[in-house]
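J.: Below is one structure. I have some questions about it.
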């Protein structure tokens with residue numbers, strides 16, 4: 001039988017100390033791992049600008065993806081950005097310009113309607129595609145974290161490419177019809193900002209509603225066509241009785257469309273009353289839309 005080994009208390013303590021040093025050395029030498037903890041804010045925030053800036057690459061990626069997906073496997077590709085407003089212009093010119101004889105403020109009805117269709121087509125397409133932004137990206141919502149506002153924002157931004165192409169065509173039509181371009185075009189950037197604000201606010205409202213009530217998605221094409229007649233796309237605002245124009249101006253697209261006509265066609269004075277009234281409505285729509293969207297975010301992953 002092998003003799004039992006006996007360690008003195010001093011030897012045992014020394015061994016434990018050496019093992020502790022080795023363990024400590026291993027812990028110290030181990031590579032540090034960055035841990036990111038995602039916690040809700042102590043107070044409700046409509047927009048966390050720092051967070052959105054941190055995810056700016058994702059915003060641009062989704063924006064570019066929306067553009068590519070829209071025209072993927074299409075023979076005409078980006079040409080569809082031209083076909084839609086041009087086709088509508090032809091139909092409106094025949095129906096409302098020739099048959100109905102609607103006044104076009106001293107310019108050819110085709111040009112009158114196309115100038116209005118440029119902002120309206122952007123707005124309507126942003127709503128239709130924006131409603132589906134959460135539903136089509138439902139798989140992402142339950143897997144990774146990112147600011148949910150990125151989804152409707154990317155849809156609205158993606159439609160600016162179509163808008164830019166339509167604006168180029170609009171300028172070519174102005175040259176064709178020999179309409180002089182004045183300094184009034186400098187107001188176009190302001191009108192474009194209001195247009196994007198309106199589309200973003202409406203998209204936030206409708207997107208948050210559509211993910212819980214899918215009827216909103218199915219009704220969008222019908223609603224957009226109906227809303228078009230609540231804006232001066234096929235007719236001038238002069239057809240609206242004066243006593244109702246104050247309420248009519250609450251529609252932000254009224255000031256935007258009439259502003260485009262005044263700045264590009266130059267047949268009327270700039271409708272500042274419509275624009276300023278619409279700016280207030282657009283701002284309220286944007287703020288309330290973002291607040292409602294953020295208040296429903298906790299339900300998105302469950303119902304997507």
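A Cβ is built for glycine as well, from the same backbone N, Cα and C atoms used for every other residue.
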J.: Which one of these stretches, 41-67, 149-175, shows up in TrEMBL as transmembrane segment?
T.: 149-175
J.: What range among 250-271, 272-293 does TrEMBL record as transmembrane segment?
T.: 272-293
J.: Would the transmembrane segment (75-97) count as touching the transmembrane segment (149-175), if touching means at least three Cβ pairs under 8 Å and pairs must be 6 or more apart in sequence?
T.: yes
J.: Can you work out which residues elsewhere in the same chain, 6+ from the ends of the transmembrane segment (272-293), have a Cβ less than 8 Å from its Cβ atoms?
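T.: Long-range Cβ neighbours of the transmembrane segment (272-293): 46-47, 148-149, 152, 191, 194, 197-198, 200-205, 207-208, 237, 246, 249-256, 258-259.
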